[in-house]
Each structure stands twice: as structure tokens, then as C-alpha cells.
Amino acid sequence: MWHKYKLHLLFISAFLIRLIYINQSLWLDEATTVMTVKNYSFWQIITRFSPTDFHPPLYYLIMDVWTSIFGYSEIALRMPSVLFSLGTGLIIYLIFKKSFGFWSAAFFLFNPLIIYYSQEARMYSMVTFLVSVSFYYLVKLLNDNSYKNLILLNTFLILSFYTFYASVFFITTVFLYLLIKKKYKALFISSLAFIFSIVIIFPLFSSQYINSRIALETVQNWSLVLGNVTLKNILLFPIKFTSGRISFEPKMIYYILSGFWVLLIGIILGIKSYRNLTTEIKILLFFLTVPLIFGLIFSLNSPLLQYFRFSYLIVFLSLLLPSSSDMSEDSFFRTMPWAPLCDGVRKNVVELIKLSNIIFLSGFIIWSLVYLLMPQFHREDWKSLANKLKSEKAPIYIVKSSSDPLKYYAAYIKLKDLRSLENLNSKKIVVIPYTADIHGVEYTTSLSTAGFINEETVSVRGITYQIWLKK
């Protein structure tokens, strides 16, 4: 009975913590979501919007139905992600319900990066849910080779691919694991089903791929946004998977704190795995690492190596972290290479391992609350920017493809494209240089040549705008 109440308390707490500042300003990608479902019909999302986008259409179609019922407020737009993240927590609990399902669910639900993306009107929370359900049915299939489990596994694999293309790294890992386990019949059927799903979406995918290659060639720094294979991008995976999306100055302090947290988790997890390398731990390590390896190899040709695109792997990290708390000192050290350690050190290490579940959960909650309760770590504040600009009479210039947040918060403001600075007849203009560096827009040179000087720079959270006056 107590376990039931404890589980209810866990999910209620997880839901309530996600409501903190859930109405913070939408940022660019979220605004793209809302402008898409506002301006395109259900069918037009597939035929008109998706060919120019870089994501499959399923999430947008779900949001089109959702917003037709609940509207377009920040809370309404983000609530599906909240619900998907809670659903993922439930699936994680069910995967290892009899052993450490509660702790696995807790680690996932309060993971700071998961909380961040459960408050975002994008497809990351949805694909994480679909990946977790796919893994749930994979585990069931390995224990019960029934057609029901096979059909459900492939259904959710295909849905995950139609939600977010980067889930293909998880899907190929599933196929590889079926091959390793000699589940040839399941592998054959799954491969056929996935190939068929690719055939269905291929006309759209090919159009998107062509457009993505054009963007890489024409948008000067687009590859930096997508994620090149660099040491920094690789190191960000463990840091962001355990401490979330936040970053602060001085950077040295941030890297020390987040690095120590990663190191602590890594050491404890390594000790646990070394001590008891069970079948469960092996499969979880496999699914945590192999998709990353596939993603890294793919990114050598087509940049895609950004940690948030692989946030669904936190499912497997959360399943890996728990362990039983009934570890005895003798049984633990019998299998370890440090038997000569003094008794005091041995006892401290054992106590640390025993308390690891509480340590992990407490750390995740602290990192999550730092993000939630400190607005400087929230998303770009386009809402405040729109309020500042609503009385501005001067022409306002911005890279038009990045203007969806202003269209959402201030549709009445007329915007001009920063990439077309001709016929500047006004004595005063306003420039929002957002993404200008990504697109390689050298607007400062053009304005200086036209006789303008940068009179003032105004900042809101994550965004600046400049007031330029003609000499």
C-alpha cells in the first residue's frame, strides 16, 4: 500500500514541478510550432510546410489536433510535452517494476534536461515517450516471442521515426540487438516494416534532405547549429544529460560543478556495473552507447551531433542508475581490485554506494530547481521584446526566417528582412540581429556604409536589439 502512495506522490510531484514557469516566453523553435499549426491545415502541414522543414510531420499533426481543442497559449502548447514526459516515466517504471522501477522513474522524471524539454513545445518529449514504449515492447519480446509484442514494437518504432528522424539511431540499435540475440524472424519482419515506413515517407524525406543540403551550402554557419563532431559537442553529452540545459559565468565554476557531478555519477555507476554486470545492465549500456556511436559516425558526413537530439537516451541512463541498497561490505569488496584499502575508506565507499539513489535524485532535483527558479536560465524572452517594440515607429529589421516569435507575440508589428538593406530612407531603424551570425548577414558594414551609427543596444533575456541613427 505504501509503495502505491509513494508512486502517486512521485508523479504528482513531477507534474507540479513542470508547472513552474511553464508560461515563460516561447522561443524560436516553439514559435515555429505554433505558427505552423495556426497557418496550415492538417493536410497542408504535410504537403506545404513539411517539405521546407527538417522534421517529419507527426508531431505537428498531433499539435494541430491539440491546439484546435485547447488553443495556442504557452501553457496549452507545452502541456503535450508535459504529459508525454510523465507517460515516459510510467513506462520506465513498468519496464523494471519488480526490481527498481520506482527509482528509475524518479531519476527520469526529475532529470534536469528532461524537465527542460518537458516544458518545450517541440517533439523531443514525444519521441522520448515513443522510444521508451518501443523499448518496453522489445524487453517483452525478448521474454515472450509473441506477434503482439512484435507488432507493438514496430508500431512504436515507426511512430518514433515519423516524429523525429534522429530516432533512427535507436531503431538501428534495436535491429542490431535482435541480430546479436539471433532473433532472425523478428529482425526480418521489423526490417520489412521499417523499410515500408521509409517508402511511405520517402518523397517528403527526399525533399527535406535536398533542402537541408542547400541550407548547409547557403547558410554560412548552419553546420554549427546542426552539430559538428567536435570534442566540445561530445563532452556536452554527459554534462547536459546530468545537469540540464543551464550554463553560467564564470564558466570555470560551471565546468567544475557540472564536471564533478558527472564524475561522481560515472564512478558510482562504474562501480555498480563492475560489481554486478547483469543481463539488464548489459542491454541498458548497449542502448545508451550504440545510438551515440551511430550518431557520431553519421555526423561525420551530415552534422547532427547535438546532445538534445539524443535526449531520449536518458531513458536508458535512468534505468541504469538504480541499484539495490542491501549491498554488504564483504560481498562488494570481494569482487573489487582494491581489497588492501583501509577499513575506513572501504566503509565510506560502501556507504556512498548504498546512498547513491538518494544522492542521484537529490542532485537532479537541485539542478532542476536552479533552472526552474532562476529566470536567467529560461528561454529567450521574446514576450518582453515584443512589449518593448510595440510602440516603436521606426522600421524593424530581422532575419525573416527567425521572426516567428514576434509574429506570435506581436503580429501587428511590420518586420523587414535584415538580408535586404536597400532603400534606407528612414533616419532611424531598429535591428534585431538574432541569427544574423548564423546566416552570415554582415548588416553592420551595410549600415555604416549607408551613414548609420549604432546609437543604442537594448537587451532582454537571450536577445538584443539595436537602434541605428543616420548621421
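Placed from the backbone N, Cα and C atoms, the Cβ positions cover glycine too.
Taken from TrEMBL, the feature domain 'Glycosyltransferase RgtA/B/C/D-like' applies to 55-206. Per TrEMBL, the feature transmembrane segment maps to 7-27, 123-139, 151-180, 186-205, 252-271, 283-300, 355-374.
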Seg_contact(the transmembrane segment (252-271), the transmembrane segment (7-27)) with at least 3 CB pairs under 8 angstroms, min sep 6: no
Closest-packing stretch to the transmembrane segment (151-180), where packing means Cβ pairs under 8 Å, from 123-139, 186-205, 355-374: 123-139
Proximity of the transmembrane segment (355-374) to the transmembrane segment (7-27), 3+ C-beta pairs under 8 angstroms: yes
Contact set, same chain, for the transmembrane segment (186-205): CB under 8 Å, 6 or more residues outside the stretch: 46, 50-51, 56-57, 141, 145, 150, 153-154, 157-158, 161-162, 165, 171, 174-175, 178-179
